[in-house]
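A short write-up of the structure that comes next.
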Amino acid sequence: MFLLLRFVLVSCIIGSLGFDNPPTNVVSHLNGDWFLFGDSRSDCNHVVNTNPRNYSYMDLNPALCDSGKISSKAGNSIFRSFHFTDFYNYTGEGQQIIFYEGLNFTPYHAFKCTTSGSNDIWMQNKGLFYTQVYKNMAVYRSLTFVNVPYVYNGSAQSTALCKSGSLVLNNPAYIAREANFGDYYYKVEADFYLSGCDEYIVPLCIFNGKFLSNTKYYDDSQYYFNKDTGVIYGLNSTETITTGFDFNCHYLVLPSGNYLAISNELLLTVPTKAICLNKRKDFTPVQVVDSRWNNARQSDNMTAVACQPPYCYFRNSTTNYVGVYDINHGDAGFTSILSGLLYDSPCFSQQGVFRYDNVSSVWPLYSYGRCPTAADINTPDVPICVYDPLPLILLGILLGVAVIIIVVLLLYFMVDNGTRLHDA
């Protein structure tokens, strides 16, 4: 009890002397078991191949280039590689996962499947995709891409129906209509297989609206059927709109198995790529750094929408992105955020990263790691310390049990001694 009171007193004295230990706006790690996924702002290979080699192009400290803990590609993102022919095989593994990518698919690219489509739907898809990625990488160590083999018994081939600018959708694949079908009112199937990973993130997408072809309107209908378990996953078009709709995607987390892709109307779609999730781990929140352009280009907030506690911590700069290499590369604020990767930190929270694990001026919310157990609330004259009550409650219970044991032992020996005297 004396030690506890001394700890409380010392902590309050430290607080009164101004030891704030505030949360810092960085991404960091508990130890060396971490990994970063990124784009050009952390792509060391891209900088090496430029002439001259100018590391001001990156927000990442070049001291980390040889760490072996980075998977980044200039001009790309995990979402872009997942859906489109512009592909990079993001691959990495760690207990603590950090993401700093996403701006290579934003409203600036204005992607939509058809001329009457909607980029807003694709921003919605982006948010749903990253929600699944962040949630699952809080419980899995390893992320990579795998191809999904499929077998379609018809003669029709996949078609590039959904494209805009340089972006061509190839996941899921569209199977063209068979030549002997006069319209799109038909049912068609394809087998696909998932193997080699613990779980997979795969797309299930439909045109949610009335799709017009040759004066006829069609309602999209797509299903995946797990032939091993009998579980079926499906989407049907529910909107009556004829313009301004686009390819709505849901992102399913599926186990290994044999599947059947089924279309009851319009074109059959079948997944061709999947995020491969491997090696379950203890729950560890991921960290996400906002990925946005200079204000001269339009960005979105979908990674922020997807990154929610307790599974994700979001870090952002309070100012416009203004790079020193060019306006979109080498920003001081984001370089500062990534500087936390140069050192270990004991505690992570929604507010930021704590450098020390004793006392803080801010109580950590959604904390992870070895976090401060006390927050000092400074009044003008007297520091008042507020502590996490759980350790005190447990200590009180242990002290109470110890007192009871001592009393029982004393009574036992007193009775035993009295019995011996009586016998004598």
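The chain as shown is numbered from 1 upward.
For all residues, glycine too, the Cβ spot is worked out from N, Cα and C.
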Cys113 - recorded disulfide partner, Swiss-Prot, among Cys44, Cys162: Cys162
Disulphide bridge to Cys276 as given by Swiss-Prot, partner from Cys197, Cys371, Cys385: Cys197
From recorded positions Asn153, Asn236, Cys347, the one whose Cα lies nearest Cys312 (disulfide bond): Cys347
Between Cys44 (disulfide bond) and Cys307 (disulfide bond): CA-CA distance (Å): 26
Between Asn89 (N-linked glycosylation site) and Cys276 (disulfide bond): CA-CA distance (Å): 11
DSSP three-state assignment for Asn54 (N-linked glycosylation site): coil
10 Å Cα neighbourhood of Cys371 (disulfide bond): matching recorded positions from Ser40, Asn89, Asn236, Asn358: Asn358
